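Asks: Could you have a look at this structure, given as structure tokens, before my questions?
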Amino acid sequence: MEVIKITPRGYCYGVVDAMVIARNAALNPTLPRPIYILGMIVHNKHVTDAFEEEGIITLDGPNRLEILENIDHGTVIFTAHGVSPEVKQRAREKGLVTIDATCPDVTKTHDLIREKVENGYEVIYIGKKGHPEPEGAIGVAPHAVHLIETPEDVEQLDIQSKRIIVTNQTTMSQWDVAHIMEKVKEKYPHVEMHREICLATQVRQEAVAEQAKEADVTIVVGDPRSNNSNRLAQVSEEIAGTKAYRVSDVTEIDIEWIKDAKKVAVTAGASTPTPITKEVIDFLEQFDPNNPETWKRERKVPLTKILPKVKKRGE
């Protein structure tokens, strides 16, 4: 079996920055305890488990403001997905120390929404309903931001303003965004289009679109809650034409998927730890469909190998 290691794949700079910020917080004895992360720092359970080992508590739920109400003291880290101004204000009111690990690309979208709304615009925002990134973006101007997810949602919009922009969640499929934006343009010909797919998402999707064409099957290593991981699987199937499966780690690979494959492509979401992906690649490279001894799937990566290294204070 040939393993096609799609490149680029895996960690993006926004994810690495967020994890380094959180690790530095864990190593800083001057910060009030406990230290909480408001939601999953990035959408990968291996990462949140590793932070739990470092004494950082992940509090997850569908609404950041509601989660915050459960915290009365200590330090709060805002995740890479961003939070609304209301969440930041409430944290200040509660006297909490806050650390912002928002991805710069997400901040850029928040700034765009803020600026346009101040100038009288209505904002159509293409994003995944229930995902924390749209939650934060909508929170910038709840009265003026309209969340849509599908072309069908465009038909339900009823915006009378002459000033409209359309923008999007940074981790969406660029092909989906382009298609939905065209639908918006048909309905509102005067709309301003601001595509905000982050570069890391874009190049990873394009790599899958091109490099997965040669494969019989694609394995995407990523958490089920990772939107960008799910979009990579979608791109493999819809753009490259190659059947794709998303797995959290090597233990989730089904032998039926790969036993007849001559070529298997592997990629990973932007929040997937590199050692977890390497374990998948190593398994596939030694796999022999005729030798059941090579079928054993066992995750051996320790949590201590999941997070990026940072220098301890004083080093």
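Using the three backbone atoms N, Cα and C, a Cβ is placed for every residue, glycine included.
If you look up Swiss-Prot, you'll see Cys12, Cys103, Cys198 marked as [4Fe-4S] cluster binding site. Swiss-Prot lists His43, His81, His131, Thr170, Ser226, Asn228, Ser271 with the feature (2E)-4-hydroxy-3-methylbut-2-enyl diphosphate binding site. Summarising the annotation, Swiss-Prot assigns isopentenyl diphosphate binding site to His43, His81, His131, Ser226, Asn228, Ser271 and lists sequence analysis as the type of evidence. Residues annotated as dimethylallyl diphosphate binding site in Swiss-Prot: His43, His81, His131, Ser226, Asn228, Ser271. Among the features that Swiss-Prot reports, active site, proton donor is placed at Glu133.
Burial and contacts for the listed features, if you can.
Replies: DSSP assigns Cys103 ([4Fe-4S] cluster binding site) to coil in the three-state reduction, outside any helix or strand.
The secondary structure of Asn228 ((2E)-4-hydroxy-3-methylbut-2-enyl diphosphate binding site), as reduced to three states from DSSP, is helical.
The Cβ of Asn228 ((2E)-4-hydroxy-3-methylbut-2-enyl diphosphate binding site) has Thr171, Thr201, Arg204, Gly222, Gly269, Ala270, Ser271 as same-chain neighbours under 8 Å, each 6 or more residues away in sequence.
Long-range Cβ proximity for His43 ((2E)-4-hydroxy-3-methylbut-2-enyl diphosphate binding site), meaning a same-chain Cβ under 8 A and a gap of 6 or more residues, is found for Asp223, Arg225, Ser226, Asn227, Ser229, Gly269, Ser271.
Sequence-distant neighbours of Glu133 (active site, proton donor): residues of the same chain at least 6 apart with a C-beta under 8 Å from its C-beta are His81, Gly82, Val106, Gly127, Gln169, Thr170, Thr171, Asn227.
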Asks: Around the recorded (2E)-4-hydroxy-3-methylbut-2-enyl diphosphate site, report the further residues of that chain (criterion: Cβ within 8 Å of the mean position of the Cβ atoms of His43, His81, His131, Thr170, Ser226, Asn228, Ser271; site residues excluded), sequence-ordered.
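Replies: After dropping the recorded site residues, what remains is Val42, Ala80, Glu133, Thr171, Arg225, Asn227, Ser229, Gly269, Ala270.
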Asks: Are there any residues in the same chain, six or more apart in sequence, whose C-beta is under 8 angstroms from the C-beta of Cys103 ([4Fe-4S] cluster binding site), and if so which?
Replies: Gly14, Val15, Asp17, Ala18, Ala80, His81, Gly82, Thr170, Cys198
Asks: According to DSSP, does Glu133 (active site, proton donor) sit in a helix, a strand, or coil?
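Replies: The residue in question, Glu133 (active site, proton donor), is helix (DSSP, three-state).
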Asks: For the [4Fe-4S] cluster site given as Cys12, Cys103, Cys198, which other residues of the same chain have their Cβ within 8 Å of the site's Cβ centre?
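Replies: Counting only non-site residues, the set is Tyr13, Gly14, Val15, Ala80, Pro104, Asp105, Val106, Thr170, Thr171, Leu199, Ala200, Thr201, Ala270.
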